[in-house]
Every structure is written in C-alpha cells, then in structure tokens.
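Colleague: Grabbed the feature section from TrEMBL, which reads as follows:
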type	residues	note
ACT_SITE	A:Thr195	active site, nucleophile
BINDING	A:Thr158, A:Lys184, A:Thr195, A:Glu281, A:Asn403, A:Thr408	substrate binding site
Number of protein chains: 2
Amino acid sequence: MGEGHYEVIEGGSIITPKGFFAGGVHCGLKKTDRHDIGIIRCEVPAVAAAVYTTNAFQAAPLKVTRESLQDGRLQAVVVNSGNANACTGQQGEADAYEMRAQAARHLGVAEQDVAVASTGVIGELLKMDCVSAGIEALPARLGSTPQSAEDFSQAILTTDLVKKEICVTVDVNGKKVVIAGAAKGSGMIHPNMATMLAFMTTDAVIEQPALQVLMRQATDSTFNMITVDGDTSTNDILIAMASGMASNDVLNEDHPDWEAFAAGFTYVCQVLAQAIARDGEGATKLVEVSVNGAVSDLSARAIAKTVVGSSLVKSAVFGADANWGRIIAAVGRAGEPVNPESVDIRLGDISVLEASRPVIFDEDAALVYLKGDTVRIVVDLHHGEGKATAWGCDLTYDYVRINAAYRT
Amino acid sequence: MGEGHYEVIEGGSIITPKGFFAGGVHCGLKKTDRHDIGIIRCEVPAVAAAVYTTNAFQAAPLKVTRESLQDGRLQAVVVNSGNANACTGQQGEADAYEMRAQAARHLGVAEQDVAVASTGVIGELLKMDCVSAGIEALPARLGSTPQSAEDFSQAILTTDLVKKEICVTVDVNGKKVVIAGAAKGSGMIHPNMATMLAFMTTDAVIEQPALQVLMRQATDSTFNMITVDGDTSTNDILIAMASGMASNDVLNEDHPDWEAFAAGFTYVCQVLAQAIARDGEGATKLVEVSVNGAVSDLSARAIAKTVVGSSLVKSAVFGADANWGRIIAAVGRAGEPVNPESVDIRLGDISVLEASRPVIFDEDAALVYLKGDTVRIVVDLHHGEGKATAWGCDLTYDYVRINAAYRT
C-alpha cells in the first residue's frame, strides 16, 4: 500500500484539491427533505477518467457520461439520488442528455465536459421539473467550504447512513498534490470492474491514459473487492478529475514520484470502499477477509470475495458466532485450487483452524472479538504466493427490513 | 417433464418401492429429542449411484461412500443429523469408517455395501457413543410401514421445518415400477453438480451406468437449480438405490419405456428440490424463476439462478414488493448475453416490463399475488431458444435469526 508516501488531511474533502467547487440541494426527488442533487465543478477543464458497471443494463446517465469522456476531459459532474434513471428507455436517455445540457448552460461550461450520474429506484422516470429546479439553484451555491462539500456528499446518499469522504496529500517533485474522494454505497453493492457512485478530485498534473490505468488498477484491489449483497447495480460509476493546478511535472508511470501518487490514489479508493462496506444496508460492522497462500492473487481475490459475500458467514458475524465451518465451506465452494489439508483460519488473532484441523480456542475471547465493530478473518491456504483482501459487512435484520420495503 | 408418464402415489415414501425398509431414532447428537440417526436398508444388494458436492472440502462420510459405491452397489445407507463430520481430520475419517462398519455388522450386510452420510455442524467430532447406540438400536426398528419412513425422514432433518418426500409409479413393459425419494435441505443450500442429503429408492431393474447418467441429468435440472443462500455445503449427496424387485425388463436408454422412467425419476428429484427451496431457512414462500429466450439452456440456467439467488430480489419477495428493477439488475449481472432492449418480465400473470420498458400495472393485484405462498417470476429475453427454471425462497428476518446463532 506504500504507507508513508501519502498523508491524510483531516477534514479534507473533494474541494480540498485546488480548483474544485461543490454543492448540493434538495430538489424533490427524495421523499424526505434530504439533499438529492449535487454538482462538482472544476475551474478548468480537468483531465478525467471513469470506470463503469459491468451490468448489461447500464443506466442512461452512464451512456451520456461515456460520451462526455471520449476526449478524456470533464469540467463538471451533476449527480442525483432518489432515482437511478435505469430501464427508462428513450425518455430516460433524453432526460439524461437534458440534465447534461441544463447543467452545462447554468454552469457556463461545454456540454461534452459534463458527466451525469444517478442513483436510486430503477424503472421510474426522473421528475425533470425537480431536476431542473435543482440544477438552476446549484451554481449560486457551489463553494469550496467544508459546508459545500458536506452538501454534495449528502446529495449522493440513498439508504446510506454516513457520508464517505477521504483526502490525502502526496509530494510530487516537491509540490504538494492533493487527492480526495467521496462515495455512496449501501445496497446493490457488488462492484465488478467498476464501483458505486464515487467521485475523486485531485489537483495533480497527470496524463489522461496514466490516470485511466491507475484508476483501473486501484479499483481492482479496492472497490472491486467489496460486497454488501452480491448484487451489481446498473448505475455504478467512479469518476476522477484532475485540475492540474498543483503545478507538478506531469505525472505518468515514468515520473519518479508515480509510486507515491499511485499509493495515495489507491489509499483514497480503499478508504471509500471500506466505508461503503461498513455502511452496507443494515450493517453493524465491517468484515475484512484476507486470503494468503493462494495459487495467484486472482485466485485469492475470488476466494476472499466468496467468503465475505457468504450469507451464512455474514449472519454468523452478526450473531458474533465463531462458526468457522461456514468460512471453510465458503472457501471450498469458490471454485479455486486449495489443498484441503493445509488451511489455517484466524478470527483477528484467534486461531480456530490449523492445517484444516479444529483448534480449541477461547470462545469467550472470540465472542468479545466478534462483537467489535470490525471483524478480520484471515485464511491462509499454504498453497502458493497469491494474496488479496476483500471487505463486506454482516447480514442483519435491518438488511431484510430495509429491502423488504424499499419502494413502499 | 413428460407428465402423464408417471403417477403420484399419495402417502408413498422411500419404503414403497419393493424391497426397502427404513427407520430412525434419537441417539443424542441433536440437543432436542428429535430423531438424529436413520437407516435405509434393501433386502438385496441394490444397483446404486450417487452425486456429490463440488465443495473442495468434502466431508469424511462422502469419502467412505465413494469407496462403497466403487462397484455400483449398495444395500444400506446410514445417515445422521446434528453433526456434519466435516473438517474433522483423521479422526473424522476413522469415525465415518467406524459408522459404516458398525452398520454393516448390525445389519448383516457387507461393509462395502453401506453408504454413510452426515449433516449438521462442521468441525466437531462425532459423539461416537451416541452414534453406536443409535446404530445398535436401529435394525430392530427398521420397517416398511408409514411410521418407519416417517422416522427416517425426521432423522435426516436439521433446521428443516417439514419432511420432504415423494413417490411415483411408472409402467415399464407392463410392470408397475415405483420411484421414491426423501431429502433434507434448509441452509447452506446452493447445490452445484450435486445436492443436499437426498435419498431415492426404486424397485426398477436398471443398469447401473444408465442410473448414474439419469441421476446426473435429472440433478442438473432440479437439485442444481435451487438455492437458499448461495452457500454450497461440504456434505451434499444424493444416493439412489434400485432393488430390481419390480421384475421389469432391465432398464437402460434403449428400453422403450426409458423416457417414462426418466420422467418419473426427474419428477421425484424436482418435487424434492422444490420442497427444499420452499423450506429454506426462514423462508415464507417458494420462489420460481423461469427464464425463456436465452442464447442456450446453460445461459438460461445461469440467469435463473442469479435472479433466484439475489438477496435484493429475495428481500423484495418477502416484503411483497413488486420491485422488478432488482430482477432486471440481477439478469444484467449474470454475465450472460442479453439484449438490453428486449426483456419482458412477469410476476405470475402480471406483466411489469415489456421490451425493457416499464408497464403500468395494478399494484394491488401485484401485492396480493406476491403475498401468496408461491411466487413465479418469468423473464423472457427474446434473444434465443434457451430456457430454464430455478427455485429458491425469500430472505426473511428468520433467516438472519436462525443463522446468527446456529451453534449457540
């Protein structure tokens, strides 16, 4: 992870990198009075990149954003919550284009420099009068104060309980470069080569292809390693914008500080991904599953995601039940090479299985550990050099409650 | 399915085919006083076949049963609930062999003609004193009365609420052939080329290779198409025994009544599979997902299983929420070819999506339908000729309750 290369800026947010402004308001898409539309704007056209959901039914805003990103530049992102604008046909597509056009007009930027993102219920048309009112109100409220960032962060949430933000700084040839991110998650969370709604800003000067490659690499080990419920949304997107206002020598893979920048960038992704997992619908805790000794990193990833996604493992963690049998059963059904005789499992520091044999452990200590707000499961396969970590959450009564009546 | 080829025998069970006896007693493996060990015995060595879990960590009894089945014959099956004898190392293996030896001795049959199966908690050693007492008590209690079958059916259950039994008869060259089955399911149910504990008996005269092939085919469209929680157990096994006492001409694929026999056999598998899905841990209803118009049957199977396994779809069904957005999102993440513009979805007879566009439907009628004890979801992709049906259940508070404290 390259810790030490970057430093966390306490209280930092997506408007901390030079050149960014943000804001959010309530326009009427949510039934409550919480913010439901927000904008990030850059002073200048920013170098930008994105990764998208692999779901076959991609929502209309993703199509529009793909178009905007064809030249690798963006100057603004407009995002609404409360309605996903997915499976909404021609009208949904027209609405997404209209959102982009209106945002561009009111912000005074080029249409093809605006990205659009939506999250919420699938299959209902956007209330465009609400959206228009929100877009009209927003430009006057964009700012670079903590409150502006707070307004934006609130505007992208749905069933999320807490906002997810992180900001770090990295030295790049003596210049302070800032990297920040904001995300929303909660349900339908099982990113696959893409992620939830997540927005990253940086003031780094960086080549667009380098940003795109870095984003994909960072995503593979962070956002793509979380799961709340195994369901991949139609709307997942991660967008990063680089204002270039930090005046560093242009970053690419050959820059001497590339590794430091990449470590900081990846750390921002990881913090957001963990925050999404911890705030999964109904979750009471973060579950981290590390797999070591797999035949490859890819194999370790598959196993870690299988374990962290197992409903039985998730229920046991909720109940603080040290039921490692479910962990090994999940390892065994991942379809990856294992040696059935050589598996170790630890819950935190408590060893429960060694060389595939049960260990007598202190059940009381295990109970105390499993009642904490973060549960770490370590699986060592002793079968190779591959390793990976995945994040998820417990499965609770509240997950069922929330999802048994989401629309109603 | 070839309906009409077979006839259901009301009140029939695994002892209805000629030559079979069964029984079950409580030996102390379960904390309650419910039966926890049972035996099926055939008068003669029966032609037999089995399919096993694909989980990499196969429980000890599966290894022993594989050995017994090397010659394609079995005369008895001994099965316990309350303890899975999985991940129990050398001692677990020795215990499974000991179970087989004791059963053989007390039943007066050859060791290599006895299969062993176990279900329950993973990672704890069997209390062999209990097992021995049960095996000693059982031979005197084996019978061919409805009560004997009832005792056996109860003995294989864990968190199941109801026993799963079915019996049909088929005409094979003028002889009445009977096929019956009993199964247990409930949690850790996501069979993959194998199934839960399920036992089938028939008095057909049948060639062993034909029985094995038929079993695999039938399993693929029945047991392998159900999921309760996506977790594949370490102990899944389906065993079939054919006593040959119906005196029909020997069955194989060339027999003129093969199709009728295969239809009856598959129907028995399907009824047991549906019963397992309906009685999934915490379930309040059976969910059936049929996918038509996929590029192939295999593709349709993958999509149907993804939809029926989606936690979000399962929660919505529990809440009687006609949230078809979750259905299409699940279709879209199955990784199979679809045309995003041509999908129809129906809930029972209620159309909610046509050509991927939302249909205005009667929400009250949908609510009434979704509150029923069986919910049928039909997805038509209009993208090919492939079709498949999968079965599962809703995700409820009780699933979480049961699994948050299974061991304790």
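Cβ from N, Cα, C; glycine included.
Buried or exposed, and what's around them? Tell me for each listed feature.
Modeller: Other Cβ atoms within 10 Å of the Cβ of A:Lys184 (substrate binding site) number 27 in total over all chains. Reduced to three states, the DSSP call for A:Lys184 (substrate binding site) is strand.
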Colleague: Over all shown protein chains, what is the count of other CB atoms within 10 A of the CB belonging to A:Asn403 (substrate binding site)?
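Modeller: Total other Cβ atoms inside 10 Å, all chains included: 27.
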Colleague: Using all protein chains in view, find how many other C-beta atoms are within 10 Å of the C-beta of A:Thr158 (substrate binding site).
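Modeller: If we count other Cβ atoms within 10 Å of A:Thr158 (substrate binding site), we arrive at 22.
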Colleague: What does DSSP say about A:Thr158 (substrate binding site): helix, strand or coil?
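Modeller: Once the DSSP labels are grouped into three classes, A:Thr158 (substrate binding site) ends up as coil.
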Colleague: Applying an 8 Å Cβ threshold (strictly under) against chain B, tell me which of the binding-site residues A:Thr158, A:Lys184, A:Glu281, A:Asn403 fall inside, in sequence order.
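Modeller: Among the binding-site residues A:Thr158, A:Lys184, A:Glu281, A:Asn403, the ones whose Cβ sits under 8 Å from a Cβ of chain B are A:Asn403.
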Colleague: How many other Cβ atoms sit within 10 Å of the Cβ of A:Glu281 (substrate binding site)?
Modeller: 28
